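Enquirer: One structure follows; several queries about it will come next.
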Amino acid sequence: MSQKRRAGTYLWTVMMPSLKYQKGETVMGRWPGSSLYYEVKVLGFDLKSQLYTVIYKDGTELELREQDLKSTSGFQARSRSRSRSPGRRRSRSRSPGRTTRRSSSRTAAAVAAAAITDNAASSRRETRLRDVEVTLSPLPTKTPENNGNNRHEKNEDKLKVENNTANKINESEKKVEAEPEKIQGRYNLRRRKDDGDAKSDEAKVEHPEEKEAKKAAGATFATPLDFGGKIGAYFWLLFLPAWVLFLVLHVNQEDPSLATFPPPLPPLDVFWDAQALSFIILWILFQALLYVTPVGKLSEGMPLRSGERLKYRTNGFFAIVVSAVAVAAAVHYGVDLTYIYSHFLQLATGSFLISFVLSIFLYVYSRYAAPEQLALGGNSGNVVYDFFKGHELNPRIKNFDLKFFCEMRPGLIGWCLINFAMALAEMKKQGLDAPSNSMILVNLFQLLYVVDGLWNEEAILTTMDLMHDGFGFMLAFGDLVWVPFTYTMQAYYLVSHPSPLSVPALTAIVILKLVGFYIFRKSNSEKNAFRRNPSDPKLSYLKTIPTATGKSLLVSGWWGMVRHPNYLGDLLMALAWSLPCGFSHLLPWYYMIYFIILLVHRDSRDMVECRRKYGLAWDEYCRTVRYRIIPHVY
């Protein structure tokens, strides 16, 4: 045993006997904001905050003061003869003490409200709550980023709840509903693993058994499987490459009708080209060099479950400017970029191989990651599903963040490079001195989209991909293959299928694009600013609904009009990308169709996730913001 471990064991042995409740002991814990006690297990004690960490039967971890814990022997069964006693009132909600499959997905807000009204369940409990008088005192002040509603008064209130009459219970319910922010300020209603900033950066002595208990507790926070679960993972691993191949082979036909199935298959040796693979590798290495260049600022990501905030080099705009200069220089010195058009199939095949090899590396690399570094959605225990969804949340090689790099650099900037190559190919094939108006619109519209994303690169740190999804085959294939080789279908289509535009049509399409971009940018900026600093005075006009996670849901501004205004802008821009291609074929409308399907799927994912995290607060949000374009995970 190392000297450090012996010292920790000695300190633990010395300190533990002085505590009233020991680690592993089963006691009765008062649910914050109510007078109800439930059976909990003590996980540990924090010397600095003087709070016990306990876990309820439904898996919820909270931090409670010593005076909010009672010995189980102090509770005795009470009579059921009172007709108006809280124990005989019926309720449609479940208490946190009842272990059901649904209760584990409840949020602290939902359970807290249910605990106040669920007296039918509490009447059947083996232990009864005595008549008690409870005083709530404040916890240590939280940081603004963890609690967007910390503008409430700092004075100390006393909440007295007597459990022997229904009138007192009703008064308690009203007070809890009227002052949700004050209750959040006095009690830490978050699960401990989500409360990053509450942890001290100072070294703490931790007993090995306590560490294992925390790991075991963390295993309960895996999220439900999506994308069809384990069977769906096999399907998507086969379908996604096949669909990209299907599109590429069709768009290269003289009649790109999607009704032709299967499309004519060329000889197998046509799919492979070593030079194309070398070109892809060179492009990725060039973007990696720009990524590590010490230009631009270091931005902090959102707090992880461990409380850590990763740093990211956000120099994407610098990268696309340097890439544009490099491409212009290459064209000036005689490099024929129409090679991208003539070898599009081989480039797509090479990118698929790279994404597959990267996905294997990511999964093997994730096997050595700490439990708190794993993605909740990619921690199913099934190898194929975790390989597809992404086992580790933020895989890094030292400070090189693989997910962030792939999300914003090779595929996204490569999208613009391919579009530019298609414009050159159109001029060459159609004998034009300049690209057609349709090709110019597609290039400019999509270039604006990419440049805007790289200029506001910091905003991606608050998106679902970065915050929740692990980095596996799904994102690796999407970043390196799906984006550059399917989002360029409009430009590829126009090379062989010109679509002239009249001046009125061109003007209408430009206006549509600008309206969509304005909605997209303004709503995204408002959301990102609120996430990063909810206490910003510039955002004081925004109305919010507090939740038990310490975060708030926006119900005014752009996010009070519809549930997902940025996706509304995205859809309008997607429409503007497809209109220049006309209506002769369905293929150039692929992105519009795909994007609608994507948003419908995200709708179901987000609704489940939001209801799990926010409970009754999410139901209130849905009642407040009735217009449902696409709901959003805050």
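Keep in mind that glycine also has a Cβ here, set from the backbone N, Cα and C atoms.
Sequence annotations record features per position, and here TrEMBL assigns compositional bias 'Basic residues' to 79-104. The compositional bias 'Low complexity' annotation in TrEMBL covers 105-122. Sequence annotations record features per position, and here TrEMBL assigns compositional bias 'Basic and acidic residues' to 123-133, 150-161, 170-184, 192-215. If you look up TrEMBL, you'll see 138-149 marked as compositional bias 'Polar residues'. According to TrEMBL, the domain 'Tudor' annotation covers 19-77. Positions annotated as region 'Disordered' by TrEMBL: 69-216. Under the heading transmembrane segment, TrEMBL lists 233-251, 271-293, 314-335, 341-365, 471-495, 501-520, 541-562, 574-600.
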Enquirer: Over the domain 'Tudor' (19-77), what does the predicted model average in pLDDT?
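Expert: The average pLDDT of the model in the domain 'Tudor' (19-77) works out to 80.
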Enquirer: For the transmembrane segment (233-251), what are the same-chain contacts with Cβ under 8 Å, counting residues 6+ beyond its ends?
Expert: 227, 257-258, 260, 262-266, 344-345, 348, 352, 382, 384-385, 387-389, 473-474, 477, 481-482, 485-486, 489, 492-493, 587, 590
Enquirer: Count the Cβ pairs between the transmembrane segment (271-293) and the transmembrane segment (341-365) that lie under 8 angstroms and are 6 or more residues apart in sequence, then report whether there are at least 3.
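Expert: Between the transmembrane segment (341-365) and the transmembrane segment (271-293), which are separate recorded stretches, there is contact, as judged by 3 or more close Cβ pairs.
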Enquirer: So what's near the transmembrane segment (471-495) in sequence-distant terms, Cβ-Cβ under 8 Å and 6+ beyond its ends?
Expert: 227, 236-237, 240-241, 244, 247-248, 251-252, 256, 284, 341, 344, 347-348, 351-352, 354-356, 358-359, 362-363, 375, 378, 386-395, 402-403, 406-407, 410-412, 414-415, 418-419, 422-423, 425-426, 429-430, 436, 438-439, 442-443, 446, 465, 577-578, 580-581, 585, 587-588, 590-591, 594
Enquirer: In the domain 'Tudor' (19-77), how many residues does DSSP assign to helix, to strand and to coil?
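Expert: Here the numbers are 6 helix, 27 strand, 26 coil.
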